[in-house]
Structure formats: structure tokens, C-alpha cells
Amino acid sequence: MELDLSPTHLSSSPEDVCPTPATPPETPPPPDNPPPGDVKRSQPLPIPSSRKLREEEFQATSLPSIPNPFPELCSPPSQKPILGGSSGARGLLPRDSSRLCVVKVYSEDGACRSVEVAAGATARHVCEMLVQRAHALSDESWGLVESHPYLALERGLEDHEFVVEVQEAWPVGGDSRFIFRKNFAKYELFKSPPHTLFPEKMVSSCLDAQTGISHEDLIQNFLNAGSFPEIQGFLQLRGSGRGSGRKLWKRFFCFLRRSGLYYSTKGTSKDPRHLQYVADVNESNVYVVTQGRKLYGMPTDFGFCVKPNKLRNGHKGLHIFCSEDEQSRTCWLAAFRLFKYGVQLYKNYQQAQSRHLRLSYLGSPPLRSVSDNTLVAMDFSGHAGRVIDNPREALSAAMEEAQAWRKKTNHRLSLPTTCSGSSLSAAIHRTQPWFHGRISREESQRLIGQQGLVDGVFLVRESQRNPQGFVLSLCHLQKVKHYLILPSEDEGCLYFSMDEGQTRFTDLLQLVEFHQLNRGILPCLLRHCCARVAL
């Protein structure tokens, strides 16, 4: 917890914060007490307790005024410490953290649920409460999203933010709301490869320009207050056209530093004379623009907005930017969060990891999280297992494993009729959270984008072009790709395949489980299920 010790927020003397005992004004001082300046410290003199208190009072008043950083430790029990300034600006608890408030939370299907929480409840506490009520699997990816539909702005709340404090800053009678959904990209900046989130061309330093810096050192530079990294790149800024009243987009070279966000009025110049100040990182929040083309006339779909905290409603005062692609927008958003929250963001990540490990130790079924680098193809046909290095041989082994799964499933589901269980097998996918029914291609991309463009986020939907087919929508390299799943019939049994029948599965559940362990024809494993949870 960080405390703001500036004199503007606290009293200027120790007596104002923590009153020291003194002699009452109606009680005269003892006559045998000489002034402190006449006391000869080398002579042993009896010192009464009242005189000792007066000497301490004199010494305390003669010292320089130092604010007391912990007024609540010396205040009377009945008197609460008075702290100046906004509690949210300094990261302190609200004055009455036990006060109960009602917060409305929406799910992705539009359902609303009112939750009674304490004024000091953080976003992580509210998410844990909602996970328990929805009987969902608890993990670090759950989060609350602050949504402003009228402005087409959304941002994910950090785990340490106070939900009630954010809600009280909304305009009265507006359409602002909290949405409960998964956000797999929340802590991806601590997990991703070095240059996935921070390309070399966008990262520079005011001290030296080092190339080939490791991911750990790069993140440490953002968290270290003594370093001066910055993000730079071209952005299109929304402004007014002269005399026309229309909003025009103009391309500028922008810089994001600890001191704020700037753009250069003269090419790529970093001269202070050419830098135009835009916003303060600590006094603003960054949002993703959801309907940029429709509402703001953006030239691309990769827009974000810097909204000052003092701005409550209306479009006036919003700083809206448009980047060239998703990677550059993700870089700007991640850097803004690191500059704003610093070490607190990493503490949130560590706490989320510790909670996940604790739940796993207590027996909760953890999510299987594996990467491509930790899985290898093995051959156990001989007396001892060996690692398969040949890619073609590894693909053949994966196909044999899929065929073994198919035979095992057929034997398990076999009844007096050979394929009498095919109807049950063909409908089992409808009970899975990753199946979204008949939604469009654009809707699937929107759902995956809302829950984080992280490698391995996927869902399965019905194909709109092929009445009997399905589509696997998968995110890879911050792009959503779609793979057609077609049914085929062999010996009276129904199978599903994505590679023209070379690898066949008896149902979609078997197909998904196989590709959670084996890439097959996919660019990455199926890691995160894009699911909707009803509150």
C-alpha cells in the first residue's frame, strides 16, 4: 500500500495529526520550574513528571514539521483519522470501508444481478463472489469490465481497484455498467514472449537505446521508477477541421512516458518545443473503443481512448487515438497500465498465481495449462520410450493416437446396433461451454476479442454456409482464424474432421480434447475456452 505524504494532503505539524498531552490552560506551571534554557544538565536535579512532559512538548514544537504517516495509530478510538484528498488517487481504503453498497453486474448475455458489497471491496473480491454464485471454475482470468455503451468505451478493472469508488464516479442516470467476463489478456504482459507485446521499433529509452533486451529486463524497466523507458509510434489523433465542424483524423508521432502522453508537431522530433502534451498517466484511464468506425469515424478498428478521471460524461475532453494494427494497440494499452500502476500490477499477478496454486493444493481441479514447448511426441512401441524428432513421424503418431481414441470411443458407445450411440455423441457438444450455437463469424471474433486476443482462445459454432458443418474459431498471433469441421460417414457411423478425413473424431468433444494436447493442423493448442457464464 502506498501512502501519499505530501503536505497538501496531511497536516503540517504533528499536533494537528496526533495531539500530544499538555498542561491544561487553567493550571499554572509549578513555581519551581525554571525555563529550559537555565537548566544545567550536568547537575543532578529531581525532574517531576509534569516537567518532563513540558520539555517533551517544547522539543516537539521546536522540531521541523514532519507529517505523521500513520494517524490512525495514534488517534483516539472514537475519532477517525482525517485524510485529505481522494482515497482512490493514493490507493487507500475509503473512509468507511465497511459501508454496504449495491453494485449491479451484467453478464455477457445481458442478464443483470445486484450484489451487496462493502465499500472497500476490490474487483478481485467481487469476482470471487460472483464465481461462487455462478458455480464457475475459479481462475485468474475472471474480471470486471467497466463499460460505457454511450461512449463505446470499455476497460478491465485491475484486481486492486475499489468497485464502489469506480461506480460513484459515473454520471447519474447513465448507461454505464459492470460486465462479468473472462479476460485472458489481463496478465499476458508477464507471460508473453519478449517482442509479442512490445516490438523493438516501439520501445525506446531516454538513457540509451539497447537492442536485444530480455523480456524480464524490459518489464523491470517499466516497473522501476528510476528508469525512463518510453513507447513511441505513429497514431491517428481525432481533431476538429477548421471551419467545417467535422472531426478529422490526422497522423502524429506519439510518445508515452512516465510524465504523460505527448505527440510531436514536427515529424518524429523529440525536441520539447515540438512536443504537445495530451494527458497525464496518473490522472487518466485508458479504454478500448468498441464501435470506433460507427461512432467516431475511425479509419481502422484498432482504437483506444484516454479519458481523464475528472471527466464524467460527454464526448468533450476524450482523447481518442487510432493505431494501425492490433499489436500496436496492445502495446500502447499494456505500457499505459504499467506506467499507471507500476509494481502494484505485478503484485496483483503474484497474488493471483498464489491463489491459483493454493486452490490446486486444496484439491480444486486446476485448468490444464501447457505450452507448445513443453509437449513432445513420444514413441512407446519398444521396450523404452523415445522422443520423436522427425516432424512427419510425430504427425503420424498423432494420427494414430486419434485413431486409437476413435476405436476406444466406438467400443464404449457400442450397443446392440453398431452406431446407435451416434445420436448421443453428435449432440454432446451442446452441453460444453465452448459451443456457442449458430452465431456469425463477426460475433465469434467479437467474443474472442472481448475475452482477450491470446494464443489458444477458441470456441466452436455452427457453420452458416454448410448446414451440417461446424467452425472452430481460434486466436493466434492476435488474429482470429476459422477452421471448418465437416462431417463424414464411414460404415454407417458419423465422424468429424478438419483435414478432409485424415484425422477423424466421433464427436466434437473428442476433437476439442485431442487438440488441447496436440496441435495437429492448428497453429497452436486449444488453451482457453471462450465461454459465457450466466449470473
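Each residue's number is its place along the chain shown, starting with 1.
Each residue, glycine too, has its Cβ placed from N, Cα and C.
Note that this is a predicted model, so its numbers are computed, not measured.
Feature annotations, reproduced from Swiss-Prot:
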- 21-37: compositional bias 'Pro residues' (COMPBIAS)
- 99-185: domain 'Ras-associating' (DOMAIN)
- 228-341: domain 'PH' (DOMAIN)
- 434-530: domain 'SH2' (DOMAIN)
- TYR187: phosphotyrosine (MOD_RES)
- TYR341: phosphotyrosine (MOD_RES)
- SER364: phosphoserine (MOD_RES)
- 1-90: region 'Disordered' (REGION)
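In terms of DSSP helix, strand and coil, the domain 'PH' (228-341) has 24 helix, 49 strand, 41 coil. Per-class residue totals from DSSP over the domain 'SH2' (434-530), listed helix then strand then coil: 18 helix, 34 strand, 45 coil. If you average pLDDT over the domain 'PH' (228-341) in this model, you get 89.
Broken down by DSSP into helix, strand and coil, the domain 'Ras-associating' (99-185) contains 18 helix, 33 strand, 36 coil.
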